[in-house]
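Visitor: Dropping a structure here in structure tokens format, bear with me for questions.
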């Protein structure tokens, strides 16, 4: 039986590992011989020869020879460097700290030798042929962010690929991988196996380690002399923590670190560029026209910041950008132009649908020893976490924006015989549009003897930033410790091509990390949400004579509906009421149903200052404790809001409709209404659930005496009946709804701190409103497209990525889930019929819904004149040919444009001053802002839940497994609807664990240490849909919490 300190391999055929149990001496000898023959330094060669001679003496108990010590001194190898242990990336199967420490002692050597040989071959090429600067820059190190302000680096081999080196590299990789394979075979510790005896003595291992360190320092000496291409290379390999995050080390004063570059230039020539210069604009244009370059929006993986992607123009597998150098100073969300790298540098991936698609350990190793040059000589590279597109919640297919780390699609190339697929890789050559705000929240670190401080963003996708000390608080230099937990906002002002670090200035001191308001302001600033007060120039565009009344001439131009029974149904706390409903039974048994939307375009005149600000904000942003409005509060909460017992201007669509939901007639026009009551969803739900009840006045908000409560109640019941028929018709016609759990909070009215939280219930009253809003949006889309085929602003939802759907179908088949992914309607039907009928049916549906949402793309606004093929207009989830947004103009600018188009088509508004290009540009901007708004809303919810866990935790709940990786798994916490990842290495009481994969199905076997050590370990199988017990508890970091898996026997008790 394995001991807790022995490792368990995740997958023998997939992941060769490095270990302290090196296989045998011959590979070691070959490695030294290869290194010796390739190195150009006679001094270093003699040093190695003396080291080899000295090794026999050391085995006999003697210390190193005086000559060896003298050579070490001449090479300036400090004692701490000779004794330093270099750890490699964490292994997927080992969670014992001792084995993690020792494993890296041997693995870094093979990695270093490969790097050294690559550099020497590169230098040969440069001497013989004059390799271009771009190839020489291929050896740069990636630098990214971490919370403590020190540099964090990963090797970057991406851009280097001289043809003369290929054969040599191939041989070196074979040798290296054979060493690792041999080592991994000996360190394998599957259940029931005992570790084999190591083939290399401890003394030999120690010698290898010491020699490696000496070689490392020799490389640093060459770097100082200007031989190496990168200043950052002087830092070389770093110790790795068990989870793959690099430990930061203080740098020697003479090291050529990026932070020191400006001070250490003297005597060493000019700095070498870290990043390639951008292409000229003309060259970019020509390259795009010729198809040699590709443009798209950059998406950086928030969990693995060295991975980035842009969509492939042919809709196949996303294009991969490996490392920060390949991104060339572009940030997440930027629109960039990329150049595809040669096929030899493409990435080898496996097609997979597990969880986020990658094993952590493999991906950690990948940015040191990846690249498709390894081809089939090595085990398959890991799956990739890619940013997956999805549509927004109000459009029936919902998924967290934080989940949109999209899975890449398969490349058109057929998979190779071993299941590997090549994924194109690229590098950024031009930034078309800097959509990222260039602002970040984070912490300051004082750097002694430097004229600047180091700003470390919380978001690891943003680089470290050098901030002038003059920007810092006055006493920061003398009392920097006082600011350890202070949250700052920093803006990037420049990122030189010769620096791993950006330059910037502090915009604001937010306050203490972990407090709601500073954290909230940081979120808003980082995502470029304008939460400033509206300027006087904007407010001057509003009506001056208050209280405002509708001008008589405006009343004469509109249909007067003030005497009709019209009411609003909204969340209880809503203040921007932009839609109202009416339902009147006609003598022939049919109904007159009206949807009445606030006429915001009456107040927001085209091209004035108010319009400009609204178009820039594009949407209101809803957070847990407040709303950042798109329009001044005078409009969104008063003049436009359809408040009860008040005359308000509206745009109405009124149908004559049968009880079964068949539309007989339709009318659009400007109107004026007077809402008779403001109902909440709870009020409407009570009416639906109690059709015979006579509601007393005290159970409802104030009601206009012109209309009785019974009349309102009957109208709600009639609307509910028609909505049920409309809904049934939609889904029988092939519509789809993918809902995910939404967390809501109860807040203390004074402190606005969370008092409780609950999963929001989507009930019949919500469905009632939704059906008629959808009906109005669909009707409006058809109307404006018919009138303005080149100008209409519509909303389309592309179908899911075919290859991803195929992979998901394969996974579901292997899981025994009978699901039909052939169409939106088929998926909706199978989601509601194939998951059993017990108390956990809804939980299984939530997990499967999450899996099904991953292939979904995002719904998008667009201008019909900019998209020539009408079949592309379709909305996949709704299964309708045309759709738009008409019903929320108070909070969405796209709806205002639609209102203007509608008014112009009805000749009841000013002439349009819009072009196809302007509408398309505004559509794109609205798409960006909508995505940002949704992400900010999610971050606000996460922030409040983190506070809730800290104040009220620990919290116990059942959870269901959503996905399994090789050393962790994701769970849906059923009580709170949150998703968390549980790392096997952090599970208290776990003896060992083992991962296996069969096809697409991934499974973990957990072996728990028994309380009575005489008993065998307790086995627990973790796979998709496994039910577990978890405990949520606050972490040390502000606002962070983790999920701890409870022991199986604890779950039963």
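Cβ from N, Cα, C; glycine included.
What you see is a predicted model, and the numbers here were worked out from it, not measured in a lab.
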Visitor: Identify the region 'Disordered' range according to TrEMBL, selecting from 319-351, 352-384, 385-417.
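Guide: Of the candidate stretches, TrEMBL labels 352-384 as region 'Disordered'.
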Visitor: Cβ distance under 8 Å to residue 579 (Mg(2+) binding site), same chain, sequence separation 6 or more: which residues?
Guide: 568, 595, 596, 597, 598, 642, 769, 773, 887, 888
Visitor: List the Cα distance (Å, whole number) between residue 578 (site 'Important for catalytic activity') and residue 570 (Mg(2+) binding site).
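Guide: It is 9 Å, counting Cα to Cα.
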Visitor: Residue 578 (site 'Important for catalytic activity') has how many other Cβ neighbours within 10 Å of its own Cβ?
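Guide: Neighbour count, Cβ to Cβ under the 10 Å cut-off: 24.
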